[in-house]
Structures are given as structure tokens and as C-alpha cells.
Amino acid sequence: MLTKRIIPCLDIKDGRTVKGTNFVDLRDAGDPVELGALYAKEGADELVFLDITATVEKRKTLSELVNRIAHHVNIPFTVGGGISSVDDVSVLLQNGADKISVNTAAFKRPELIVELEKEFGSQCVVLAIDTRQEEDGEWYVYLNGGRTKTDMKCLDWAKKGVDNGAGEILLTSMNHDGTKQGFALDITRTLATQLPVPVIASGGGGTMDHFIDAFEKGMADAALAASIFHFKEIAIPDLKAYLKDKNIEVRV
Amino acid sequence: MKLTIIKYNAGNIQSVLYALERIGMEAVVTDDHQLIREADKVIFPGVGEASSAMKYLKERGLDTLIKSLQQPVLGICLGMQLMCKYSEENNTDCLGIFDEQVRKFVPQNGEKVPQIGWNNIYDLKSPLFSNVAEESYCYFVHGYAASLGEHTIGTTNYIQPYSSALHKDNFYGVQFHPEKSATVGEQIIKNFCTNI
């Protein structure tokens, strides 16, 4: 059976892993290649590397880093952060990335996803959506790392992204991110049941039971988390064993 | 040992090269007929779309070359599908090494297509799977799958059982990505390099 996936996310700044919550109190956490290889060895199903520097002058650093990751990591990995053109993606894929994720640039210019799908195939195009539930109860899309609100509803944008050629959705709830109170089950379930592509739940995972909920109630295909893995609050082998014990299909 | 990876207009070729490096094997990535013909073993990788890949191979005479190879050949993902007779992906006549047909996944109960992620392989019948346990997990990304048939040496179930590995004479194919399938994948690549 196809398994549910556990995906550690590594934030990268100037070629190093950083730990922190909500972009504050960033601390150097070492070489992303070593950390990624360690997670792979522990049973992570995929990795996501998000470049939070993402300035033009640093892009060369990122492609070199991607190349080192590709040499050392034996599971699939996605690279995101500041990607805005076919050329950006081409460099990352040539250096060994399996997928790339797009966010703000794809919203500002939706044809970007069409171009990427045509050039590289939908299997390597992940649409990352940062979303927040407002007081009116609706989930809206946010851009620029959550700093800019839009009037677009999350489900509408996700559907459009999939129509344009996105092969997966990485859904981060800003209401839940950093809280460790559990994933946003309702919006995750809405997208997971209404879209024909896999949905990765992100934001809020704090306990092993939260992952069970993301899969059983949220119907997510994968769950992503960062700090709980980096700070060793949950070890991946323990999480996988717990999920298996609760009859969730996982790779152990 | 001379190991050659066929270069064509499909993705993921670098990943196969890096995976070989991780297990201490060197390989050449090339579309040069002579280099491919002279190799001890050939890997035919790929992620992409069937008809444009076949068109590209034909334009360069690589289609006839691949069919004529006598040494062990391992097709990966799209590479394996192209070694089959026919693919529903844009109605493409493929190389016809394996008689099996490649059909689109048709969801029956809300399954996502393409299949993306880790699934298990079973009914393993080949030295390609030495030291690989039944039901081992491998990483798959595909929207089309080869039917079960006389050349099936590995089966996977998604919506229905299909061929996740094929073998005929000197030709082998795997639907999953051994280069991305952690230690199980590394064992399969090692087996191809040393056991076949």
C-alpha cells in the first residue's frame, strides 16, 4: 500500500540550517547536508529545504548546496524559496533536486506553474500555500512568508494551481504554525478530498497524535514539521513506530 | 566495469549518477552510440512524458540501439515504460522489448494520480532483488503503470496490482526509483551492478 509520508523541513540561510520559530531567534543548526542525511537514515520519507535568504546573490550558494545534498541523500527532496522562473528551476533540478516548490512568484504570475509543468512535468512542481483563517471563517492566501494578505481563498488558489499543473500542494496554516497545537485539520481535509493531487499538511505538529489526526481526520497524504524534529522533541523512528502501531500505513 | 547511463531528454539522470557514486560505482552519462554499445552495463533512466521521449530516441537512432544491446540493461521509471510495447500516454508505440502494456491509473476510490510516495514491492523473482525483503518499500512517482504479464518479476498494488519490475533476456526494468529508495534502492542498484 502507498504509505503516508513524514517530511522534515530544513530552513536554510546562507547555506546553513537555521532553527527558530516564526522567523525569529534564528540559530545556526549546522550543515544541512549532514542533518538531511541523518533524517534520511532515521526513516524520513522525503526532505524539504526552504531557502529563506533567497536573494539573487545567494542563489549560486543554493545550487551548490543542492548538489551536495543530491550526492549525500538517498531519498527524494524538494527545494523552495524565491523560485520565480524556469531558469531557477532548471539549475536546481540539474543539480539533483527532485522537486521544487513555488509560492509567492506563482501567485503573482500564475503562468509560472504552466511553464514549469510543461518543461519539467507536474511531478516536480509543488505549490506551497501559506494560509490563515480570518474572523469571517474563510481561509485566505498569504504571500511573502506570511507578511502579505491577499483576497484569494485558499481552496480557489489550490484548485487553480492544480489546473495549471502543480503536482502536489504543501499547505501551511499560519494559525497553527509554531503553536504545536496540531495541524489545521479542516482546511487540510477540504483540500485533500477536493483535489486530485497529494496534500502535505504543515504547521502545528507538536505530538505524535497530531500526526495521526493529520492523516485520519485531515486526510493528508504527508505531514511536514521542522522544529519538533530539529529540537529532538519527536524522533522519526519513534513517530513511525507509533503511527504503524495505530494502523497508519508507513514505511518502517 | 564500464557502466553507462543513456542521456536523453528526460529528467532525473543526475540522480542516478549520484546514487551510483554513493555506492562507489562510476558511470558515464552519454548518448554516444559507440560508448553505449561498448559498456558492460547500461542504465536507461528517466522521468518525463512517453511520446516526446520516444520521438527524441528515434531522432537519434537510440531506439534501435537500445533494442539491439546484448549486455544487461536496466530501465528506470519512464525508461522501463519505454521498454514496453505500448503506452497509453499520448498513444505511444514504445520499444516493444517487454510485451506488457502501459496504462493510465484510473482512480476507483478517490486515489490520487499520479501515485507519489513509498509503496511495497512483492512476488520478487530475480537476482535483481537479492537481499531485498518481500514487501520492501520503494519510492514511486508515476501516473501510468505496466500491466502484469509473463515478464513481471516484481508486483506493486496501487488501485490494482501492476508490474513494478520486468525482466526479459538481458533487459530489466523497475517502475520505482532505486536511486531515491534509500538503502533498499541502493541494494537493488548494487545487485544490478554485481549480480546480473
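Even glycines carry a Cβ here, placed using N, Cα and C.
What TrEMBL annotates here:
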- B:Cys77: active site, nucleophile (ACT_SITE)
- B:His177: active site (ACT_SITE)
- B:Glu179: active site (ACT_SITE)
- B:11-194: domain 'Glutamine amidotransferase' (DOMAIN)
Between the residue listed as 'active site, nucleophile' and B:His177 (active site): CA-CA distance (Å): 7
Counting every protein chain shown, other Cβ atoms within 10 Å of the Cβ of B:His177 (active site) number 24
To the nearest whole angstrom, what is the C-alpha distance linking B:Cys77 (active site, nucleophile) and B:Glu179 (active site)? 11
Where B:Cys77 (active site, nucleophile) sits in the secondary structure, as DSSP reduces it to three classes: coil
Give me the mean pLDDT over the domain 'Glutamine amidotransferase' (B:11-194), rounded to a whole number. 96
Counting across all protein chains, other CB atoms within 10 angstroms of the CB of the residue listed as 'active site, nucleophile' number 28
